[in-house]
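Report on one structure; see the data block that follows.
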Amino acid sequence: MADAQYILPNDIGVFSLDCREAFRLLSPTERLYAHHLSRAAWYGGLAVLLQTSPEAPYIYALLSRLFRAQDPDELRQHALAEGLTEEEYQAFLVYAAGVYSNMGNYKSFGDTKFVPNLPKEKLERVILGSKAAQQHPEEVRSLWQTCGELMFSLEPRLRHLGLGKEGITTYFSGDCTMEDAKLAQDFLDSQNLSAYNTRLFKGVSQDGRACYEVRLASVLSTEPALHSEMTSKLKSYEFRGSHFQVTRGDYAPILQKVVEHLEKSKAYAANSRQEQMLAHYIESFTQGSIEAHKRGSRFWIQDKGPIVESYIGFIESYRDPFGSRGEFEGFVAMVNKAMSAKFECLVASAEQLLKELPWPPAFEKDKFLTPDFTSLDVLTFSGSGIPAGINIPNYDDLRQTDGFKNVSLGNVLAVAYATQREKLTFLEEEDKDLYIRWKGPSFDVQVGLHELLGHGSGKLFVQIQSWYRSGETWDSKFSTIASSYEECRAESVGLYLCLNPQVLEIFGFEGADAEDVIYVNWLNMVRAGLLALEFYTPEASSWRQAHMQARFVILRVLLEAGEGLVTVTPTTGADGRPDARVRLDRNKIRPVGKPALERFLRKLQVLKSTGDVAGGRALYEGYAAVTDAPPECFLTLRDTVLLRKESRKLIVQPNTRLEGSEVQLLEYEASAAGLIRSFSERFPEDGPELEEVLTQLATADARFWKSPSEALSGQA
């Protein structure tokens with residue numbers, strides 16, 4: 001069996017998103033709007049399979065064929081007859097649920113591969129003897145032959161997402177290195193092209209020079225498009241001795257489905273801003289234009305307080321090893337009015353609270369553009385994972401001039417709150433009950449501050465010395481550390497401002513309760529810093545998850561503050577195995593912790609604002625270094641963290657179905673089988689067609705990743 005870090009355990013937590021009441025309160029028109037936006041999001045989310053690993057589209061297609069022909073209960077009887085134990089079949093269900101939940105066979109949180117926790121030969125018998133194989137023998141056998149080896153392979157390069165020798169990624173062809181990524185970014189900057197909706201494929205020209213294809217995601221490929229801002233960009237370029245060709249049409253059949261449902265949703269839009277927003281999104285996905293997506297995002301920012309909130313596109317760059325390309329995601333959610341009222345009070349206090357942040361006024365935006373900040377109950381969230389809160393859009397120029405929106409995803413937070421005492425690791429016994437009681441409320445405060453005043457603060461200086469030149473963005477300039485650095489800044493702002501009594505009063509906490517919320521918020525952060533070691537790869541001296549790297553950095557900053565504020569002590573658990581304890585002295589949070597955070601935050605902001613990459617890297621990578629230096633011995637502690645880690649929860653989402661002119665909400669049980677059923681019913685009209693599209697798109701590009709496995713060439 002595989003190492004525990006590369007499997008999902010049979011007892012993994014599975015929870016359902018509860019949005020029934022919020023959906024019930026929607027009008028018939030709002031439900032139709034939400035339905036078509038959800039359809040667009042789910043179709044677009046399939047692109048993530050093509051953004052993850054060469055084999056992910058084939059695995060998805062194979063699983064979908066299996067479970068369309070036989071639901072999990074029916075397939076269980078066949079599997080047991082083929083000699084699987086109940087535990088082995090459950091392991092297969094958990095694996096399949098994991099693939100659907102992460103939109104691929106790599107964890108969205110940590111970018112680590114996961115493999116089926118059962119013998120390959122047994123799974124092969126189940127697949128080749130299934131009803132799907134009886135109905136379509138050649139197709140199922142071909143899918144298995146294409147992805148079976150890679151499904152189980154844990155060759156060192158395949159264990160994590162990464163670039164070059166460090167891992168596998170399908171944002172770049174297999175022969176691309178970090179140097180290629182940097183050259184391509186410089187080329188894109190020179191042409192004022194965004195990397196968000198691109199992939200990079202490397203080749204060699206007839207004269208032996210490197211040649212690169214920059215491929216934009218769009219419905220259109222070579223078709224002429226009158227008056228399109230993109231047509232002038234689609235050509236060959238010479239840049240620093242290399243040949244670049246800008247093309248488009250990536251994910252075209254998938255984006256066509258997205259566009260069709262965005263068109264349908266326009267008929268049910270609540271106002272002209274939503275209509276114009278959708279029109280620009282349609283243009284963006286049709287033409288491959290990020291500028292059109294920016295125009296749509298401007299109308300989205302202006303659409304304050306909608307009953308049905310949504311956003312869709314190539315958004316977060318966490319999983320690009322270089323940190324510039326966006327993963328497709330789309331969400332649709334309904335307003336939670338009670339929590340939103342608290343966030344509105346926080347927004348009203350924002351300008352005053354910004355003055356308390358520990359950097360000079362010149363480093364803050366000239367005018368705080370009052371954002372929308374709502375608590376939402378998610379109906380649909382497509383992509384590789386679901387965050388607890390979002391601050392978008394990510395376009396620096398829009399954030400500086402037009403503003404942004406904050407959303408806190410209430411029913412996702414409710415899942416995150418669910419903590420079993422017996423599974424609480426690395427805390428003192430006397431802290432556990434307090435932690436369970438206040439984790440939820442403290443997380444509400446932290447998410448609110450993190451999104452609104454963390455991501456929403458600070459400005460970028462343009463065109464002087466080391467500052468930002470025209471065309472450069474935060475992501476393009478700071479590249480591999482940009483996401484983590486910004487998350488660290490936002491988390492630090494949250495910790496710093498939660499000490500403000502006014503903030504806690506907004507959320508309804510005073511006196512001893514307020515002090516407990518502060519203590520648990522800080523305790524949660526230092527514990528998270530220790531848990532983060534799961535996402536560090538010693539062999540490559542690299543981090544695989546931006547948020548967790550950020551939390552480890554904060555732990556290091558607070559440890560460096562000294563005076564016993566935070567201690568991390570190795571111990572032996574009751575089971576005789578290595579353990580550890582995190583302690584936070586609540587009486588030293590203000591006198592010791594606050595000044596330490598103040599100094600650190602000031603450095604982070606000044607280096608970011610001035611575009612000082614060298615200084616920023618030196619500071620951040622210094623704190624992010626994981627060594628075995630005493631007293632903490634973090635490399636050794638990492639083994640303890642892996643020994644006692646709890647897998648990230650899987651979340652089951654509902655479907656919507658149009659029956660006549662009414663939209664029905666379809667809910668599923670909180671189990672691996674329920675999650676599988678939700679996906680089996682997600683594309684009732686065109687499931688087989690979509691699987692064919694995915695495998696055709698994957699096969700067309702398979703030559704770019706021959707090195708992981710020759711099996712990917714010429715099959716499927």
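Cβ coordinates are placed from backbone N, Cα and C, and glycine is handled just like the others.
Database features, via TrEMBL:
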{"type": "ACT_SITE", "residues": "GLU451", "note": "active site"}
{"type": "BINDING", "residues": "HIS450, HIS455, GLU487", "note": "Zn(2+) binding site"}
For the binding-site residues HIS450, HIS455, the one whose C-beta sees the most other C-beta atoms within 10 angstroms: HIS450
Fewest-neighbour residue among recorded positions, criterion Cβ within 10 Å, set GLU451, GLU487: GLU487
Residues within 8 Å of the HIS450, HIS455, GLU487 Cβ centre (excluding the Zn(2+) site residues themselves): ASN391, GLU451, GLY454, GLU486, ARG489, ALA490, GLU491, VAL493, GLY494
Alpha-carbon distance [GLU451 (active site); GLU487 (Zn(2+) binding site)] in Å: 10
